[in-house]
Structure formats: structure tokens, C-alpha cells
Amino acid sequence: MKRSTKPPLEHRASSTLHYQTFPTKPPASRGHPPSASLPSNGERPHHRRHGSQDSNHEESPLPKKQLAILAIIALAEQTALNSISPYLPDMASTFPEVKDGQVGLYVGLIASSFALAQFATNFFWGWLSDRIGRKPVVLIGTLLTAACFVAFGFCRTLWQAIVVQMCMGLVNGNQAIISTCLGEITDRSNQSRAFTYLPVVYGIGAITGPVVGGLLVKREWKGKPNPYPYLPPNLLSAGILGVDLVLTMIFLEESLEEAQDIPPLGKRVENLFTWLWRFTSSTSYIKKHGHHHSDGEANGDVIAGGEDEDGNSDAESSSSAPALFPSSHRARENLTSSKVFNRDTILLLATFLIFQLSNISYNSLYPIFAQAAPPAGRNLSPKEIGLSLAFAGVVTIVFQVGMFGTIREKIGNKTAYRVGLAGFVVAFMLTPWVGYKDHGGMGVSQGKVWLWAELGFVLIVKTVAAVTSLTSALLLITNSAPNHSVLGTLNGLAQTLSAAGRAIGPFVSGALFSAATHVRPKGEVLAFGVFGGIAFLGFLLSFGIRGGQLEAEGWDESASEGDEEGVDGEGSEDTDGQSSERTGLLGRGER
């Protein structure tokens, strides 16, 4: 039987069964997923919805080289972004527009400007990565973010800091792209291991970033007051991102399947100039695209078959045009909004918004609370704040590497997500009651030893909650996407909503803490209590996330208390529809 020929950009279903996160073929160069040949009758084995694992199934090997470069990208960005928080309250206090007692308000305003700008563009970066590929978007974001860090080191007024932070937020959408790449280079059998190490990288960044920001501030330079005391940490952050940019250009492989069928990024840039040259200087090119018409065309005598005066058809002309962007994937055309935005996806996005709001609010409140004068604050120096945040980063690594994987395997993604949200409630409720170094306030205790012991315990609770929530949320969002063709868009939307939370959180938390300084006694309870209540709302909403397809491969969904048959009926319809689509594609493809 003669093999059918198809255009190179048309994607067909593979005749080999893989245990994949999505019903689409993974990039060919990403690892070597285990194969299981189809039965001799050519029928595709039935995929069990509850994810019980076949006895002969082996876990796919992780694509370690690509995981390593993604880890470098994430580490560089987290180091740079986390370097700001230790010195930001001190930096804001030096601005001439900021008066005493208003530091918390303006620290929140500066931090919110970054997140608000991300809210405006994160969805765009995710959408763009689905069209032009992941690698170009990562390179653009890294380059422009490095430039913004250099500018931030020269800021000496409030409006300059706000404008630079907004620019930094506008150009940075790499966090969503990293999550998307992880989802594309892994499958359900190994995705948990890959996503587990992403918060580890964030934890390392939570150590290196505060160390950079807390220790490199130089108030004096050669015995004189330094006009730009916050420039050194920003220059180092920009340098780290510059190294990251070079490594990304060399080692990061494109994970978007459609983009692998077009030339590399450098060739595409060359093709773009080629296209511009043709468009501006070639008469025949302009004629082919209808900008000038021959006399015969003007009289209605169009050449039959769309051929030009040289005898070339329009099809030949278009096929010879330089390749700049990947073609649309067929799977995207068959998706409906109800398949992408079902109940589980909507609740995931809503609770992810609350998680990010809670997380960034705590991250913004803690330095303000620690730096402020008693009784509302605890009077810690930037160095002490940086070291305490570094301690939280160490906790992140230890918990993520040593305990989280085992816990998640026992309780599943959904339950782990709920536990993480509950941990935020506990952390918000406990923080205002830690003791003082030397002030007889209404803390639980008094003295440096007790202060650091209590702060350490609260930071452990908060860090464990953040790690658990983030890892579980990334896995749940990845598994909720119908296929890879919309994964970048879905992650972009998730990061857009999280940016909304991160835009609101710092400003509102800073304003609440500024107001709390005038409340006696225990005014700091006001700010922490409000966000503790919001985190509790997210915890309650998380119980509505019950889809069986959200767990990793091998998870026994029948043992989960929330997945009744009636609830799973909606998800079964989508899964069955996708299964029918795959069978149809197999019938039309090569055998």
C-alpha cells in the first residue's frame, strides 16, 4: 500500500501509544518516552480515566539537559527579582516624596506597579509563545528585564522607581513560559518529578536573591556618601540575567511542536529581512500579491489558475516565501471554550489568584512588619531581613527535595493544594504574635532568641504552604489543559490572574499596615488578619476541584472522596471526545 504524503506542517497522530499529559504528540527531541506497540488488530488501547498504572509501564526518563537550562533560567530570574525585597523599604524611605509613616504604603505601590504591568501583558506573552515559539519569548523577556534592573539601580525618586518597575513587569512573562515548557517536555509518568524541582529552584533563588540585595547595598563609596547605594545589587542582577541570556540562546531547545518545523530563531530573523527586501524592492513579488495589476487583470482577464506572468502559481509563490512563524495546530481548531474553561479550570484559576494574592501579600507584609518600629513592627535591619528570607529559602529546598514528593504521592495533587492554602491561613494568624527583640509589647515572648525562634517557625509554616500550593497548582493547571496547543495561553492566563493578585496584594497590604501603625494595641493584626481570611476563602473553594484527570499517572482516583460518578460525568464527556478525535486522526494518518 502506497504511503500517503502530507505537508510537513500537518501533525498526525502517532501510531505508537505514549503515556502523555495531553492527547498530542510530544516534541520528538524531548527525551525518549516509553513505547508500547499497538495490538495486532490496530486498535488503540482504552485509556482509563482514573489513571491506574499498567503493571508493565515504566516511567519516562526526564530530559535532564533541558530541565537544567530551564532551572538556570528560573534561578537567574528568581535571584534578580528576590534581590529587591530586602532593601526596598529602606530605598523607599530615602525618596523625597515619602514621609515618615508612609513607607509601607509606597513599598506596596512600587511592588504593585510591577505586578499590575504583568497583569496587562502576561496573557499576551503566553499567547505569543503559542504562535512564535517559547524560546524567542524567553529571550526577549530576559534581555529587557536585565535592562530594567540597570535602570532601577539609578532610581532616586518615587516616580522613577514606579515607572521602571512597570516597565520590568511589562516585558517579563517568563514564569508562565517556563511552566509551559515543563509541561511540554514531560508526560504524566514523570511530570511530578519535573515540577517538584521547580520550587526548589525558586527556593535557591529565595536564598541568593535576598543575600544579593541585603549585602551589596553600599551607602558609602571611597569614604563619601554614595548617590546610588542600591546600584551594586541591581548591576549584579543584570549581569546574572546577561549570563542567563547567553546560555538560553545556546542550549535551550524549542519545545513548541509547531515551531520545530520552521528554521531556528537566527534563520527566522534572516528570513524576516529577506521578506522585507522582497516586499520593498521586488516588482514581481508585489505583482504576485496584487499591489499592481497588469492590463489584462484590469480588464478582468485574470490568468487562469492564479499563475503570474512567469508561469508560477500562487501556491508555488506562497510555498517559497520565507518561513517566519509556525502554522496553527489542528488540535487548537477543534477546541471549544467549554472544553478549555470547565468547572475545574475556572476554580483552579480562581484559587490560583487567591494563592498568589496571599503569597505576595505575605511577602510584602513581612519586610515591612520586620523593618517597622515597635510596637507594630519588630525593628529588624535589612541584613537581618535578608538572612531570615534566606532561611526560608533553605526550608524550601529541604522540604521540596526531602518530603514533598512523598507527601504528594500519598495524598494527591488536589489534597496537597488544599493543605497548602490552609497553611497560609495559619501563617497569617500567627505572625502578628511573634515577640520583640527588646520591646515589652504584646508578643508571645520577648528577647532575640525567642524572636528568631518564633519567626523561624512562622516562616517554616508559610514556606511549606507556598511550596505545596505552587507545585500542586502548576501540576493541576498543566493537567487541566486539553492539549499543548493552548498550554501557553492557559499558563499565560493563570499568570495574568496571579499578577492581578500580586498587583492588589502589595498595595493593599502596605496601606493596611500603614494604617495599622496608628491602631493600639496590636494594629499589625489588622493587615495579617484580612489576608488570612482571604486565604481561608481560597481553601474553601479548593474543595470544588474534583476532576479525575488532574492527578498524576498511577493515582487511584477511585480512592478519592470527592470524585463521584456524577461529578466525573462532565470530565468523561471531554475525555471521550478527545479519545474519539485521536482515533479518527489515527485512521486518517499513516499506519
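Even glycines carry a Cβ here, placed using N, Cα and C.
Features reported for this protein in TrEMBL:
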- 14-23: compositional bias 'Polar residues' (COMPBIAS)
- 51-61: compositional bias 'Basic and acidic residues' (COMPBIAS)
- 553-576: compositional bias 'Acidic residues' (COMPBIAS)
- 66-550: domain 'Major facilitator superfamily (MFS) profile' (DOMAIN)
- 1-61: region 'Disordered' (REGION)
- 288-325: region 'Disordered' (REGION)
- 553-591: region 'Disordered' (REGION)
- 105-125: transmembrane segment (TRANSMEM)
- 137-154: transmembrane segment (TRANSMEM)
- 194-215: transmembrane segment (TRANSMEM)
- 235-252: transmembrane segment (TRANSMEM)
- 346-365: transmembrane segment (TRANSMEM)
- 385-404: transmembrane segment (TRANSMEM)
- 416-435: transmembrane segment (TRANSMEM)
- 455-478: transmembrane segment (TRANSMEM)
- 525-545: transmembrane segment (TRANSMEM)
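Take the transmembrane segment (416-435) and the stretches 194-215, 385-404, 525-545: counting Cβ pairs under 8 Å, 525-545 has the most.
Restricting the average to the domain 'Major facilitator superfamily (MFS) profile' (66-550) gives a pLDDT of 80. The stretch from 105-125, 137-154, 194-215, 346-365, 455-478 with the most CB pairs below 8 A to the transmembrane segment (385-404) is 194-215. The transmembrane segment (137-154) shares more Cβ pairs under 8 Å with 235-252 than with any other stretch in the list 105-125, 194-215, 235-252, 346-365. Each of 105-125, 194-215, 235-252, 346-365, 455-478 was scored by its Cβ pairs under 8 Å to the transmembrane segment (525-545), and the highest score goes to 346-365. Counted over residue pairs separated by six or more positions, the transmembrane segment (455-478) shares fewer than 3 Cβ pairs under 8 angstroms with the transmembrane segment (105-125), which leaves the two as not touching.
Through the fold, the transmembrane segment (346-365) approaches residues 85, 107-108, 111, 115, 417, 420-421, 424, 427-428, 431, 462, 466, 469-470, 473, 476-477, 480, 493-494, 497-502, 504-506, 508-510, 513, 527-528, 531, 534-535, 537-538, 541-542, 544-545 of its own chain, all at least 6 residues removed from its boundaries and within a Cβ separation under 8 Å.
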